[in-house]
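S.K.: Have a look at this one before I ask anything.
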Amino acid sequence: MEEVPHDCPGVSSAQAGRGASCQGCPNQGLCASGAAAAPDPAIEEIKEKMKTVKHKILVLSGKGGVGKSTFSAHLAHGLAEDENTQVALLDIDICGPSIPKIMGLEGEQVHQSGSGWSPVFLEDNLGVMSVGFLLSSPDDAVIWRGPKKNGMIKQFLRDVDWGEVDYLIVDTPPGTSDEHLSAVQYLAAAHIDGAVIITTPQEVSLQDVRKEINFCHKVKLPIIGVVENMSGFTCPKCQKESQIFLPTTGGAEVMCRDLKVPLLGKVPLDPRIGKSCDKGESFFAEAPDSPATLAYRSIIQRIQESCSLRQPKGENLVGS
Amino acid sequence: MEAAAEPGNLAGVRHIILVLSGKGGVGKSTISTELALALRHAGKKGKAVHQCDSGWVPVFVDQEQSISLMSVGFLLEKPDEAVVWRGPKKNALIKQFVSDVAWGQLDYLVVDTPPGTSDEHMAVVDALRPYSPLGALVVTTPQAVSVGDVRRELTFCKKVGLRVIGVVENMSGFVCPHCEECTNIFSRGGGEELARHAGVPFLGSVPLDPELTRSLEEGRDFIQGFPESPAFPALSCIAQKILNEAPVGLS
């Protein structure tokens with residue numbers, strides 16, 4: 001089910017609708033007329049929808065497997081511990097949606113109402129949305145090209161009835177491609193507080209994360225800060241510390257200093273984190289005294305402080 | 001029936017192996033690299049192994065020119081430059097990597113991929129289809145969250161007609177260097193169970209070894225340098241299984 005030809009030059013390209021590969025594409029007329037290059041009306045619609053959402057945070061990493069979803073989920077858990085704080089967690093990883101499992105919501109379905117799609121509520125003040133909820137089997141593969149993924153992300157932002165939300169956390173797949181561009185573009189008019197970037201200490205990770213930081217600069221996305229995950233391991237038997245993912249080039253600390261972005265904190269490895277995620281439970285409940293929990297809480301506090309400083313001037317929820 | 005492969009830059013390639021995972025950060029690039037090294041070590045002298053994920057002209061990593069590498073990384077002016085491309089542009093580059101690079105005579109082409117089941121994966125499978133790839137090596141870590149994504153990757157392989165050579169479970173346990181206690185930091189057992197569920201071979205578990213990470217970061221040959229490492233037997237065994245599937249003929 002292809003929406004665009006393989007060699008699509010891109011709807012905003014000068015060749016849109018005119019290139020050789022455009023022949024036979026159902027969108028050819030639209031592109032050739034220039035209509036496709038016009039600003040997407042969804043951007044305004046999303047701006048309206050986002051008026052009831054106070055703070056929007058993107059959780060990014062250039063690198064896969066560093067703990068973005070784990071972090072997003074626990075940021076949501078942490079913020080939602082205050083029952084007066086409304087939290088929304090949006091998973092825009094279309095091919096590998098991990099959030100339903102990590103939040104213990106596998107198998108839940110999305111319902112439509114008059115005001116749009118309803119998020120799946122874990123608690124009264126914690127709502128979640130993911131493409132995972134739209135798939136009927138855990139084996140289903142979402143084999144979609146960029147444009148279709150972008151369409152899904154647009155729907156998530158425009159058609160989900162989030163209600164009054166204090167924090168919208170957007171969990172992303174690794175990289176700097178369609179999903180990231182779409183999230184930033186669709187939220188462009190709605191003011192994103194910023195990005196929290198996750199890394200592990202190794203240079204292989206940092207190399208990708210530097211690119212992510214550059215991506216943020218390119219698209220003018222403020223950076224709230226960097227979290228260094230999997231930062232050291234304490235053996236449960238002998239209590240001695242080892243570095244599994246060696247910070248051969250100084251880890252996130254040196255990178256943040258060089259690139260002048262805040263280091264929000266370092267989270268050590270704790271085998272109970274992975275287990276909690278697999279069981280769909282909050283690690284904070286499972287291991288409240290773990291150094292990892294303490295690190296997370298400190299980081300969450302710093303994020304809250306950063307968001308309150310970024311309260312946009314002249315905008316408030318009670319109409320202006 | 002597929003059309004016969006056009007004589008082209010991949011005509012001289014004997015075996016093509018894709019390294020895939022639904023999940024990010026499970027060690028695809030690590031396993032690709034180690035597989036390339038292990039195939040070189042296990043094979044006879046003079047065999048050529050090339051590793052590719054993107055690139056232009058092969059860059060030879062050793063004097064004997066037995067391993068070469070291609071990557072979009074070589075095309076960047078600065079290493080921190082972000083490649084902020086949507087799907088169609090990525091697809092075009094991948095096609096060029098497959099068709100426009102003078103690969104020459106190769107025994108193995110190992111293709112490292114990003115996580116997911118999207119543009120890059122469809123593009124590379126389409127581009128390589130005429131050359132009948134040996135199949136896909138699918139990498140996971142033991143935890144359910146990883147397996148949850150990798151199941152979808154296995155469905156992708158089925159849908160696009162890509163044979164699964166087997167599943168590799170990476171980061172399978174960490175042996176404390178101080179007291180030898182083995183901790184399953186990322187859980188255990190998921191990879192084997194996944195292989196059983198999907199009806200594909202389980203190729204083995206590779207434990208966590210900080211020396212492996214360090215070697216990669218410093219560009220050193222882990223297989224050569226760390227034969228005593230707990231990861232070494234696992235990696236060699238996986239390479240041997242692939243060699244058994246895809247022998248390169250009489251020496």
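Here the Cβ of each residue, glycine as well, is placed from N, Cα and C on the backbone.
According to TrEMBL, the feature [4Fe-4S] cluster 1 binding site maps to A:C8, A:C22, A:C25, A:C31. What TrEMBL records for A:G62, A:K63, A:G64, A:G65, A:V66, A:G67, A:K68, A:S69 is ATP binding site. Annotation comment: TrEMBL describes A:C235, A:C238 as [4Fe-4S] cluster 2 binding site. The feature domain 'AAA+ ATPase' is assigned by TrEMBL to A:54-210.
Describe the structural surroundings of these features, if you would.
M.R.: All chains included, 20 other C-beta atoms sit within 10 angstroms of the C-beta of A:C22 ([4Fe-4S] cluster 1 binding site). A:C22 ([4Fe-4S] cluster 1 binding site) falls within a helix when secondary structure is assigned with DSSP.
DSSP assigns A:G65 (ATP binding site) to coil in the three-state reduction, placing it in neither a helix nor a strand.
Packing around A:C235 ([4Fe-4S] cluster 2 binding site) is summarised by its Cβ count: 19 other Cβ atoms lie within 10 angstroms of its Cβ, all protein chains included.
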S.K.: Among the binding-site residues A:C25, A:C31, A:V66, state which ones have a Cβ less than 8 Å from a Cβ of chain B, giving them in sequence order; state 'none' otherwise.
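M.R.: Listed binding-site residues passing the 8 Å Cβ cut to B: A:V66.
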S.K.: Could you list the residues of the same chain, at least six apart in sequence, whose Cβ is under 8 A from the Cβ of A:G64 (ATP binding site)?
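M.R.: A:P173, A:P174 - these are the non-local Cβ neighbours of A:G64 (ATP binding site), listed in sequence order.
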S.K.: For A:C31 ([4Fe-4S] cluster 1 binding site), which of the three DSSP-derived states applies: helix, strand, or coil?
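M.R.: Its secondary structure by DSSP: helix.
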S.K.: Using a 10 Å radius around each Cβ and all protein chains in view, which of these binding-site residues has the most neighbours: A:C25, A:C31, A:V66, A:C238?
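M.R.: Selected residue: A:V66.
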S.K.: May I ask which of the binding-site residues A:C22, A:C25, A:C31, A:C238 is closest to A:G65 (ATP binding site) if we compare their C-alpha atoms?
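M.R.: For A:G65 (ATP binding site), the closest Cα among A:C22, A:C25, A:C31, A:C238 is found at A:C238.
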S.K.: Measure from the Cα of A:V66 (ATP binding site) to the Cα of every one of the binding-site residues A:C22, A:C25, A:C235, A:C238, then give the nearest.
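M.R.: It is A:C235, whose Cα lies nearest.
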S.K.: Could you state the CA-to-CA distance between A:S69 (ATP binding site) and A:C31 ([4Fe-4S] cluster 1 binding site) to the nearest Å?
M.R.: 36
S.K.: Looking at the domain 'AAA+ ATPase' (A:54-210) alone, can you tell me the average pLDDT?
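M.R.: Average per-residue pLDDT within the domain 'AAA+ ATPase' (A:54-210): 93.
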